[in-house]
Amino acid sequence: MRVLPATLLVGAATAAVPPFQQQFQQVLGIPQEEVEQAAPVAPSAPTTPKPLQIFQDQLKSLSDEARKLWDEVSNFFPDSMDHNPVFSLPKKHTRRPDSHWDHIVRGSDVQGVWVTGADGEKQREVDGKLEAYDLRVKKTDPSALGIDPGVKQYTGYLDDNENDKHLFYWFFESRNDPENDPVVLWLNGGPGCSSLTGLFMELGPSSINEKIKPVYNEYSWNSNASVIFLDQPVNVGYSYSGSAVSDTVAAGKDVYALLTLFFKQFPEYAKQDFHIAGESYAGHYIPVFASEILSHKKRNINLQSVLIGNGLTDGYTQYEYYRPMGCGEGGYPAVLDKGTCQSMDNALPRCQSMIKSCYESESSWVCIPASIYCNNALIGPYQRTGQNVYDVRGKCEDESNLCYKGMGYVSEYLNKAEVRQAVGAEVDGYDSCNFDINRNFLFHGDWMKPYHRLVPGLLEQIPVLIYAGDADYICNWLGNKAWTEALEWPGQKEYASAEMEDLVIEQNANTGKKIGQVKSHGNFTFMRIYGGGHMVPMDQPESGLEFFNRWLGGEWF
């Protein structure tokens, strides 16, 4: 089915635009062959679900305004509306027997624990619906992989047996003082990209070189913290499912269950401070996940703060800063010509109008067109230049691997049979990013929903750090600084007026070196990191570890 075409608005992107599938493929850097393989549709299968086929009945009841939005984006992307299946396909997998695992923590057992409260009444030890969940745990031999020998490691799966979901995690104990150092959960974005890319390309104990061998990382974030890397949502990385998660809120329930069962199995870590950190689409995830945790008053998760790096959190504010960043106003030379910059300026009012409608209704019918239109008008022009969307300083060196050859090295390493065996992976293959997941989230309207509205509630209880490498385009520092200043909360005026101060290294051979700028008031802090792209710990490992350690030490809160 196709919706009726509508006249394009003046001010839309003037250059020819790629079809919807190709456009978002470029955002994630996923090769065409992977997209085609991920959605094999036989010509003789006319009943394969398609976005507008699935929505056909509901479209009849749309308001005139919503229908016009769909008409508009259909005119931009007619082919994509006909040919893209909505739902992700299950990954091939072989579940390992229970005897493979050292521990299996049953959610039903945890939920069944009752204690006597201060008032003498019986109450559950921890909140939450956990009976459908299990946690499988295996102590991993570091020597088998050559990754951080001497550091305790655990891998395993969180199982949602009711919904056939299985999330893979990899835990590294702190190199320093694991009995006292904090615990951090790390999340990559996408949506649909594996957190193991963060492990091996950014902040984990090893990177993978061109010989597909692990190389020790002296700037690993487990230098002074224990770190959990989680492949979520399902069907990302080593995780798998027969069903799908298509929005951030649903994914939050899984993360709460994982942490609750993990800390039940390892109470020695539960007593430590706990923090959530992540980047990119984790700007959506983290406000939701932290709010989910804090909503449970009886919990064994000692959440102390959250850190979001180069995140997408408030689209209305952040999309305004694509044109300035691409046109030379972000501290680096312009990538786009004057005509393109003007076209983006012309498109912005319509984009923001659509995002505003999404914020007001939070309806998928309104939020999906906003995502498609705004990404086409404000990200598409930059993509067509061939420049790296994650770093304005250079060209995209490897389109099949998010512009980075290192991403391919990581995928090749994690697809080795001996690696999958060592960590207990149950899938037949590893993918750095799953395009189907990205599309699922978009077609559920998740991309533009106002998750930033949860941040004031977080600020009432815990500190929040927003940091941004200043060479990134896709989630650039201008937009991240702007949304933090626009956020409505009791400390808004004081925070917005706070001056940016130099951020300098304090304790090593480079003491006094300026690595960025920082501003802070109350529980809210923003950092600009010089010379960092979308992945700060990869581009500026020393700077990343410096601010990370100082943040966990409580310097700004």
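Please read every residue number as a count from 1 along the shown chain.
Yeah, the Cβs are placed from backbone N, Cα and C, and that goes for glycine too.
Positions annotated as signal peptide by Swiss-Prot, on the basis of sequence analysis: 1-17.
Annotation comment: Swiss-Prot describes Cys193-Cys433 (among others) as disulfide bond, evidence class similarity to another entry.
Swiss-Prot lists Asn224 (among others) with the feature N-linked glycosylation site. According to DSSP, Asn224 (N-linked glycosylation site) is assigned to coil rather than to any helix or strand. Summarising the environment of Asn224 (N-linked glycosylation site), the number of other Cβ atoms within 10 Å of its Cβ, over all protein chains shown, is 19.
Annotation comment: Swiss-Prot describes Ser280 (among others) as active site. In the three-state DSSP scheme, Ser280 (active site) falls into the strand class.
For Cys327-Cys341 (among others), the entry in Swiss-Prot reads disulfide bond, with the evidence type similarity to another entry. Cys327 (disulfide bond) has a Cβ environment of 20 other Cβ atoms inside 10 Å.
Annotation source Swiss-Prot lists disulfide bond at Cys351-Cys374 (among others), citing similarity to another entry. According to DSSP, Cys351 (disulfide bond) is assigned to a helical segment. Other C-beta atoms found within 10 angstroms of the C-beta of Cys351 (disulfide bond) number 25, with every protein chain shown included.
According to Swiss-Prot, the disulfide bond annotation covers Cys358-Cys367 (among others). Contacts of Cys367 (disulfide bond) defined by a Cβ separation under 8 A and a same-chain sequence distance of 6+ are given as Cys358, Ser361, Gly445, Asp446, Trp447, Met448, Lys449, in order along the sequence.
When other Cβ atoms within 10 Å of the Cβ of Cys403 (disulfide bond) are tallied across all protein chains shown, the result is 22. The disulfide bond feature in Swiss-Prot is assigned to Cys396-Cys403 (among others).
In the structure as shown, the Cβ atom of Asp472 (active site) sits within 10 Å of 30 other Cβ atoms. Look at Swiss-Prot and you will find Asp472 (among others) tagged as active site, backed by sequence analysis.
DSSP classifies Asn523 (N-linked glycosylation site) as coil under the three-state reduction. For Asn523 (among others), the entry in Swiss-Prot reads N-linked glycosylation site.
The annotation active site is assigned in Swiss-Prot to His534 (among others) on the grounds of sequence analysis. Within its own chain, His534 (active site) has Glu279, Ser280, Asn310, Val389, Tyr390, Asp391, Gly469, Asp472, Ile474, Cys475 as residues 6 or more apart in sequence whose C-beta sits under 8 angstroms from its own. In the three-state DSSP scheme, His534 (active site) falls into the coil class.
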Next on the checklist: Let me check the 10 A CB neighbour count of Cys433 (disulfide bond). How many other CB atoms are there?
Outcome noted: 26
Item to check | Whole-number Å value for how far Cys341 (disulfide bond) lies from Cys374 (disulfide bond) (Cα to Cα) | outcome: 14
Next on the checklist: Within its own chain, what residues at least 6 apart in sequence put their Cβ under 8 Å from the Cβ of Cys341 (disulfide bond), listed in sequence order?
Outcome noted: Arg323, Gly326, Cys327, Ala334
Next on the checklist: Neighbour count first, Cβ atoms within 10 Å, every protein chain included; then name which of Cys193, Cys374, Cys396 tops the list of disulfide-bonded residues.
Outcome noted: Cys193
Next on the checklist: Considering Cα atoms only, can you say which of Asn224, Cys351, Cys396, Cys403, Asn523 is the nearest neighbour of Cys193 (disulfide bond) among these recorded positions?
Outcome noted: Cys403
